[in-house]
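**Q** Below you will find the structure I want to go over with you.
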Amino acid sequence: MRLGLAGTVLLSAAAYYVYLPLPSGVSEPWKLMLLDALFRSFMQASDVAHALGVCHRIHLLNHVVSLVEEIEAHSCPAVHVTDTTLAGVPTRVFQPKGGKQLKRGVIYFHGGGWALCSGRMRSYDLLCRKMAEDLDSVVMSVDYRLAPDAVFPAQYHDALAASRAFLSAEVLDRYSIDPERVCVSGDSAGGNLAAAVAQELSSDDSLTVNFKLQALIYPVLQALDFYTPSYQQNRDVPILYRPIMARYWLQYLGADTSLEPVLLANNHSSLDQLALSSSIRSKVDWTALLPAKRRKHFRPVVRETGSPRVMGEIPQLIDVRAAPLLAEQGVLGRTPKAYVMTCEFDVLRDDGLMYVRRLQDAGVTVTSDHYEDGFHGCMVFAYLPMMSKVGWRSMNNYIHWLDQNL
Ligand SMILES: *[C@@H]1O[C@H](CO)[C@@H](O)[C@H](O)[C@H]1NC(C)=O
């Protein structure tokens with residue numbers, strides 16, 4: 001009797017912890033709730049450890065992730081897998097065993113807010129393995145340095161140095177990669193790095209080999225407006241809550257994370273910020289860049305007065321290497337043919353959709369692949385235990401696009 005009561009109480013408590021009202025239309029809401037409960041419990045545990053001074057919350061999270069998720073490089077019948085370095089940056093390489101003599105090539109940057117995760121994780125390993133096999137392509141998954149130990153521009157520099165090495169005659173030759181068929185890609189914070197690298201390298205005339213394609217999966221592209229319609233609509237949608245994204249930005253830029261409320265108030269992009277010219281503002285102006293269908297009923301939040309010193313303290317906020325959406329049209333126009341994946345239930349949806357529009361305005365051919373039932377991160381949850389349907393569908397469409405275009 002007492003046991004039954006205790007059981008009921010425990011179950012109710014668990015259900016209460018897991019249950020979260022989700023917007024209708026999101027793919028498999030119960031799976032997302034469970035995933036969110038798992039993430040939330042890790043985050044809360046790491047916050048406690050952080051507050052107690054045991055260790056930095058990010059170190060604890062990464063430790064758990066590596067214990068649970070990281071796997072050794074092991075080959076399978078179709079793909080040869082090894083750990084190596086590109087320009088000194090640790091990289092896992094996936095080489096198809098059969099197929100053509102000359103392979104296609106993809107360099108991939110994993111997500112995780114520039115602070116978490118690794119290309120050695122099971123989910124990324126499986127994704128890259130599948131790409132290598134399905135595309136008959138050499139895939140290089142780069143483990144750039146992470147915050148808080150390394151901050152901007154370290155992540156960017158690692159991604160850039162690895163990409164330059166990837167495009168070098170020596171590496172292309174060693175791995176039998178066709179120099180005419182190479183792509184840069186990444187998801188979330190990795191999509192940010194891929195976009196930034198594509199901009200830098202496509203404007204570099206000294207290179208003899210350049211990327212044919214850029215494929216960006218729900219990329220992070222700007223930190224000036226935390227009130228885009230997608231930030232407003234999805235503020236409470238797991239797994240990337242609005243305040244978490246603001247914190248990741250501050251951490252990446254090496255700024256004080258106590259400035260989180262300033263960013264969340266859009267006080268850093270108020271009209272009294274002299275560093276923000278109208279030209280910069282126009283590049284993130286979603287009232288002009290988004291179609292009415294996505295703007296919905298949302299209103300822009302622009303403060304007359306804010307926290308004017310912030311832009312001086314964190315000038316990286318308007319550095320195009322950190323925020324690729326701020327690039328000039330001329331720079332965008334030189335970047336390769338693009339694929340941009342966006343999800344309806346993602347605070348970063350409009351970062352991606354605005355980039356699609358800006359690339360198109362600059363004359364770049366873009367495939368905008370939008371998932372009406374997608375949530376942030378869905379593509380890496382395609383496999384067990386989540387087996388997300390939208391994750392599986394989006395992953396296959398992404399690989400299909402590469403197959404058709406690379
Ligand atoms: C934002 O700026 C306004 C005006 O300067 C100020 O009153 C408010 O406290 C600021 N909010 C945050 C969170 O910094």
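In case you wondered, yes, glycine gets a Cβ from its N, Cα and C as well.
So TrEMBL lists these for the protein:
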- 106-271: domain 'Alpha/beta hydrolase fold-3' (DOMAIN)
- Ser188: active site (ACT_SITE)
- 319-379: domain 'Alpha/beta hydrolase fold-3' (DOMAIN)
- Asp346: active site (ACT_SITE)
- His376: active site (ACT_SITE)
**Q** Work out how many Å separate Ser188 (active site) and Asp346 (active site) at their Cα atoms, rounded off.
**A** 11
**Q** Using all protein chains in view, find how many other C-beta atoms are within 10 Å of the C-beta of Ser188 (active site).
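**A** Looking across every protein chain shown, the total is 29.
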**Q** Would you mind checking how many other C-beta atoms are within 10 angstroms of the C-beta on Asp346 (active site)?
**A** 26
**Q** Report the same-chain neighbours of His376 (active site): residues 6+ apart in sequence with Cβ closer than 8 Å to its Cβ, ordered by sequence.
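**A** Once residues fewer than 6 apart are set aside, His376 (active site) is near Ser188, Tyr218, Asn234, Val237, Ile239, Leu240, Cys343, Phe345, Asp346, Val347, Leu348.
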**Q** Per DSSP, what is the helix/strand/coil residue tally across the domain 'Alpha/beta hydrolase fold-3' (319-379)?
**A** 23 helix, 19 strand, 19 coil
**Q** Taking only the residues in the domain 'Alpha/beta hydrolase fold-3' (106-271), give me the average pLDDT of this model.
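**A** Looking only at the domain 'Alpha/beta hydrolase fold-3' (106-271), pLDDT averages out to 97.
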**Q** In the three-state scheme derived from DSSP, which category covers Ser188 (active site)?
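**A** Reduced to three states, the DSSP call for Ser188 (active site) is coil.
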